[in-house]
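Please read the structure below before turning to the comments.
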There are 2 protein chains.
Amino acid sequence: MKYGVVAFPSKKLQDLANSYRKRYDPHYEQITPHMTLKDAFEADDNQIKEISDEIAKIAKRHRPFKLHASRVSSFSPLTNTLFFKVDPSPEILAIHKDLHSDPFGKETKYTYVPHITIAQKMSDSEHADVFGQLKMAGINHEEIIDRIHLLYQLEDGSWTVFDTFRLTGDEQ
Amino acid sequence: MKYGVVAFPSKKLQDLANSYRKRYDPHYEQITPHMTLKDAFEADDNQIKEISDEIAKIAKRHRPFKLHASRVSSFSPLTNTLFFKVDPSPEILAIHKDLHSDPFGKETKYTYVPHITIAQKMSDSEHADVFGQLKMAGINHEEIIDRIHLLYQLEDGSWTVFDTFRLTGDEQ
């Protein structure tokens, strides 16, 4: 089964992201707006208890963090994906690092770019057009994220929350 | 903001429910398959902390319960809704009762019918046709539910998990 770890922003930021996703993101139906902290990974039923326990430990080591969505950006030319860029604060990078250290395997080979996807899988011309519009609209939103979620994916591609972990910082 | 409390069944049961929902449930995109424990209710940001704390207390009073989906049934003639009927065990009814006692207000005036919706908002003729088919297919599935979730609804009707509560029975 595929699992992943995300933070869901506030209703306000999710509603804004969905106003774009509804039109421009074919994954709109599969999950509500989110910032991925750990990409989809395979685990079986036996492993997930251990993984869940490990994420619980990580959550206890980190305090709630500020999420600052500061501008609309694009992964082009890699992919035609538009997103709210989230400032890569030391706090966010530290959680990401813990979620990619043992026992989760080594660091990823890509630089982590915290973001909330708002559009993807567009043609080059649609991407250029929509990027122009959304850059103009812009984004500048700050909020506090105090929890992260472990999700699993259903056969139809949609995601269900398996567990929620409060960022308490109790065991720093 | 609208909140609700649900239990998500296992991936296996969700995948089965979605194979029907994909065709017959217009709410398919808004939430993954679930058994509602407390219908949508209004609460503001100030109240939700208290509500969440109360649900946490309730979760500690109840142990994991058996979910037995025993047959395909319909709410017709009330509504043309088809669902996996979940046997109303004393354990499920007890959690439901706690979620409808103070401070959540009084008991609902309707009898609680635990279920997982698989089709709704169909015409009378479609309902009769699909009900016939799904009754034949039937359902007989048992599993253990060890957690419940508090969700909130976005403007587009989709639901995001706010928190997850393990049914521990630690404080019975």
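Including glycine, each Cβ sits where the backbone N, Cα and C put it.
TrEMBL annotations: computationally assigned, not manually curated.
Feature motif 'HXTX 1', per TrEMBL, maps to range B:34-37 of the set B:34-37, B:58-61, B:90-93. As annotated in TrEMBL, motif 'HXTX 2' covers the listed stretch B:115-118 rather than the other ranges in B:115-118, B:119-122, B:131-134, B:143-146. Long-range contacts of the motif 'HXTX 2' (B:115-118) within its own chain (CB-CB distance under 8 A, at least 6 residues past either end) are made by residues 9, 13, 17, 20-21, 24-25, 27, 33-36, 69, 72-73, 81-86, 134. Sequence-distant contacts of the motif 'HXTX 1' (B:34-37) (same chain, six or more residues past either end, CB-CB distance under 8 Å): 4-9, 67, 86, 95-96, 99, 114-116, 145, 148.
For B:His34 (active site, proton donor), the same-chain residues that are 6 or more apart in sequence and have a Cβ closer than 8 Å to its Cβ are B:Val6, B:Ala7, B:Phe8, B:Pro9, B:Ile116. B:His115 (active site, proton acceptor) is surrounded by 19 other CB atoms, counting those within 10 A of its CB over all protein chains shown. Each residue of the motif 'HXTX 1' (B:34-37) gets a DSSP state, and the totals for helix, strand and coil are 0 helix, 3 strand, 1 coil.
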